[in-house]
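Structure record follows, encoded as structure tokens.
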Amino acid sequence: MNESVYCNICTTNFQSFEEEVYYPLVKHPLHVIVILTLAYGLAFLFAVVGNCFVIAVVLKYPWMRTVTNYFVVNLAVADLLIAIFNVPFTLVDNIYSGWRLGSFLCKATPFLQQVSVCVSVNTLALIAVDRYMAICNTWLSKISKTAARIAILCIWITSIALSIPIVVFYEEYETHTGTQVIPMCFQLWPNFDYQRAYFVVGLFVLCYTLPLLLIMVCYTSITVRVWRRHAPGVSNTCYSGVIHKSKIKVIKMFGIVISLYALSWLPLYVIFFKLYFSPPATNSKDFDLLFSIIIPISQWLGLCNSGINPMIYCFYSKKYRHGFKCLMMCKPYFYPSRYLTYQSGKNPHPESSSSRSEERISKDERVYNQARFMLVQYSDGNMTVSFRKEDTNQTRI
């Protein structure tokens, strides 16, 4: 998130200083700098490690390369860019006075930050649409891998186009305060109303409000559909309790996704709305409190969302968890049968299913071991659950 209003206000404040005023190199005392460094460092660590594991699992194991996982990888790449280009430079900007990273990074850093934030948010919306089509509109054709790649490319092109004004109007300037020369990096638009309109429409509406509304609509529809759906052929036995717990788990997951996304970025957008439409006086206590405490904390909350996303979208998946374990132990991916999940269908009992309702499933999903394993097959809305005993000497195909 760029800080153009912050820099503009600070520049005005610097120019109003008297010549004998000395502006310190750092903004905070040592203990505050240590706290900020630890907080931003943890956010950086979780985002880099988590998103790298997500990308590695999908790239290493071919059967993980589904359409949904393509979107998850794109989300991980965007969040990884946020961690690399946003977290360190935001920390430096919150510690040191002025801009200390040069004219090239003055343009490149906010541009890459904004692109990665827009890609991340819109990828979350794309995942929500994909899940909505898979669960609520099963009559629609599934998104192909080609269509998924095109959608991902469109997100990147749109995000880059929305961020072009940042490259055009960001400049490094020198502000003189007495005997000091303080470099500053901020936007200088021909008209402040244009800058404010760009923030409201280009950033707040297109990179926050609309994606959030789309996510809420999709996940609300999914939650209602899952909650109301009756499992045909399943009596009020222990399976009913399993399905009820599954519904609760789905609702909790979607609630976490929506709440964390909205709450992570909302404080920063509220602050920038105040700065654009009702900024505090530069010499007031509210000004010092806003820029010394509130803005660094709000930025940290927004950046933490990049590290939380892998936990929400991937650690809820048993396949991803097992893939992470295999990567850390340097073992080949072996997906044990105990991770297969019971799903409701029209015919959950294997003895009541005909051979015509069985489909051949991918060999990559078959697991052979010494124990019994469960095979779940679908055809025309029917489900067949079968248990087989395989030869212990048989190898995995």
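Any Cβ shown, glycine's included, is placed from N, Cα and C.
Annotated features in TrEMBL:
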| type | residues | note |
| --- | --- | --- |
| DOMAIN | 50-313 | domain 'G-protein coupled receptors family 1 profile' |
| TRANSMEM | 32-59 | transmembrane segment |
| TRANSMEM | 71-91 | transmembrane segment |
| TRANSMEM | 111-129 | transmembrane segment |
| TRANSMEM | 150-170 | transmembrane segment |
| TRANSMEM | 197-219 | transmembrane segment |
| TRANSMEM | 253-277 | transmembrane segment |
| TRANSMEM | 289-316 | transmembrane segment |
Across the domain 'G-protein coupled receptors family 1 profile' (50-313), average pLDDT on the 0 to 100 scale: 83
Non-local residues, at least 6 beyond the ends, that sit with Cβ under 8 Å of the transmembrane segment (71-91): 1, 36-37, 40, 43-44, 47-48, 50-52, 54-55, 58-59, 101, 105, 109, 112-113, 115-117, 119-120, 123-124, 126-127, 130, 148, 152, 155, 299, 303, 305-307, 309-310, 313-314
For the transmembrane segment (289-316), sequence-distant contacts whose Cβ falls under 8 Å of one of its Cβ atoms, 6 or more beyond its ends: 1, 3, 6, 10, 27-28, 36, 39-40, 43, 45-47, 50-51, 53-54, 72, 75-76, 79-80, 82-83, 86-87, 90, 94, 120, 124, 127, 253, 256-257, 260-261, 263-265, 267-268, 271, 280
Contact set, same chain, for the transmembrane segment (150-170): CB under 8 Å, 6 or more residues outside the stretch: 2, 4, 70-71, 74, 106-107, 110-111, 114-116, 118-119, 122-123, 126, 143, 185-189, 195, 198, 202-203, 206-207
